[in-house]
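J.: Among the features that TrEMBL reports, signal peptide is placed at 1-25. The annotation domain 'CsgH-like' is assigned in TrEMBL to 34-119.
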Amino acid sequence: MVPSSFRIAALALGAVAIGGIAAQANGGSSAGLDCGINSQTQGGMIAIEAVVNSPVALSGEYRLSLNSHGNGGSSNINQGGAFTAAAGTPLALGKVMVNAGSEIDIDFTITHGGKEFDCSAPLTTHT
């Protein structure tokens with residue numbers, strides 16, 4: 001596991017997705033791999049989505065770990081498994097909803113071709 005986490009100050013998110021490039025793979029069939037976290041406030045909750053997008057078809061495994069704590073209590077959520085992504089099509093690998101007032105730690109990694117990519121940062125969807 002990559003020892004990295006992305007901390008969200010949940011109240012500061014607003015109602016739109018947060019942006020930034022999360023991971024850039026080097027060389028081989030992984031060139032141009034984008035992966036990261038999209039977040040959106042929905043009715044007092046935060047929807048957190050782990051996304052991968054690649055210019056070429058891509059298979060691998062992912063792991064999404066989330067720890068949230070706030071006035072409503074705490075949650076530890078772990079998701080993961082194999083995935084296959086079509087070329088040029090963003091793929092949501094996992095989605096979690098937590099209280100909008102929570103402090104959230106996220107660890108999202110993708111393994112492809114024997115390499116592990118830290119995808120814990122926000123993602124910008126390229127159009």
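Just so you know, glycine gets a Cβ as well, placed from its N, Cα and C.
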J.: Restricting to the domain 'CsgH-like' (34-119), report the mean pLDDT as a whole number.
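T.: The average pLDDT of the model in the domain 'CsgH-like' (34-119) works out to 94.
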J.: List the helix, strand and coil residue totals of the domain 'CsgH-like' (34-119) as derived from DSSP.
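T.: Helix (H, G, I), strand (E, B), coil: 0 helix, 67 strand, 19 coil.
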